[in-house]
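Engineer: Sharing the features that Swiss-Prot gives for it:
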- 169-176, 194-198, 215-218, 285-288, 314-316: GTP binding site (BINDING)
- S176, T196: Mg(2+) binding site (BINDING)
- 3-162: domain 'Obg' (DOMAIN)
- 163-333: domain 'OBG-type G' (DOMAIN)
- 351-428: domain 'OCT' (DOMAIN)
Amino acid sequence: MAGEFYDSARIFVQAGDGGDGAATFRREKYVPRGGPDGGDGGRGGHVYLVADPGLNTLLPFRERTRFIAERGGNGGRSRKHGRNGRDVFIRVPVGTVARTVIDGETYSVDLDAPGLRLLAARGGRGGLGNVHFATSSYQVPRIAELGEPGERREIELELKLLADVGLIGFPNAGKSTLLSVISAARPKIAPYPFTTLQPNLGVVEVGEYSFVVADIPGLIEGAHRGVGLGFSFLRHIERTRLLIHIIDAAGVDGRDPVNDFSAINEELRLYQPALAQRPQVVALNKADLPEAQANLKRLRAAIPVSEQDLFVISAATREGVDALLQRVAERLREMPAPHRAPRDETLTWPVPEVDERLYTIERTGDGWRVRGRRIERLISMTNFAQPDAIMRIQRVLEASGIGAALQEAGIQNGDVLYIEQAAFDWEDGAITYRMPGVS
């Protein structure tokens, strides 16, 4: 993997507001009282995340973190429909997990196939023009809707590598050296722990068979709690099909190789029990050192893997490396290949469907607050400067049963009714709009 790796980011996305509907009337020479002809506003632009196989890092989001879509155009005379706002497409690497909080709950979507799209923020609906409000008894509607506000989201992005094989082991066990000799990858290599601070990918070819190997940053005890490079390490092996567990058989850092094997598997189990069951091939590395040769008999007896999955190697001299790769290729062929074919599909946040007609009423310090998707959307799309706006809200309160429910709850004359950002004075079942700043 060339360049700098960046595997998490936080962005803000804002979909476009819908355009306003028009409250206009026909003006014809011989029709002095023409009917309503106001057109609808256009939809606000959506914001999408798109899985792009050509990307491998979230680094661009270090520089740019805000994405705002275009507002829809306003409606016009002669039923002219406003133009829809342009959508925004944000490209992310395949394997990116997006998370956001909606109504206090966290939802996530996994963009694990090329071409997958996530509708991250939905553009607002265009406001209706006054042609929609004309009836036989209301032939001159002086009302049109404002555009619905577009959705706004704070989104956390996390990249989980899509590799077939993960190289795991304590820092300085030789993972980067092994990757450099089995592939064209050139990770930073040095004789001290934590040389690898970011994942590296390499493509390995065994005959006509090839697979992707990820050299993951080294693990230490407590990684499942985020100690050291813990989370950076563990999240990237979740998608691998097989692990090569590299052990410093020479114990050059003063640790016991058997304890190393047990400690890393325990960290896998504590982070995610399924990871501890992931197939492993064990490589006893640094066999070119005398200390390793002295430990081999004990290690073979103590490490609980089958003989065919235990290899003595030297990444520095390539001793035993070819046999190791043959076995890895053999194991991978036996496993079902992951389905990563392109998918032309649009996903949405997995929010449970809620009946928009539902509402709640609660007592506040000086009045009452009504909450509900449909009634709150109506308020947000109401232009209170229009003469007939309050009349429409009054009708909706009565038809929906909210007015009766408020009276049953105990609302009194003079109480204040709050819906969305608007406030109304209540008097004998009728509402009067409170101008902002007026008490």
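The backbone N, Cα and C atoms fix where each Cβ goes, glycine too.
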Engineer: Given a 10 Å Cβ-Cβ cut-off, pick out the one of the binding-site residues K175, K286 that has the most other Cβ atoms nearby.
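Structural biologist: Output for this query is K175.
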Engineer: Provide the number of Cβ atoms within 10 Å of the Cβ of S314 (GTP binding site), excluding the reference atom itself.
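Structural biologist: Its Cβ has 22 other Cβ atoms within 10 Å.
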Engineer: Just to verify: the residue among G169, N172, S176 with the fewest other Cβ atoms within 10 Å, which of the binding-site residues is it?
Structural biologist: N172
Engineer: Roughly how many Å lie between the Cα atoms of K286 (GTP binding site) and S176 (Mg(2+) binding site), rounded to a whole value?
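Structural biologist: K286 (GTP binding site) and S176 (Mg(2+) binding site) have their Cα atoms 13 Å apart.
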Engineer: Compute the C-alpha separation of S314 (GTP binding site) from S176 (Mg(2+) binding site), stating it in Å without decimals.
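Structural biologist: So the alpha carbons of S314 (GTP binding site) and S176 (Mg(2+) binding site) sit roughly 13 Å from each other.
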Engineer: Counting each residue once, how many in the domain 'OCT' (351-428) are helix, strand and coil under DSSP?
Structural biologist: 28 helix, 19 strand, 31 coil
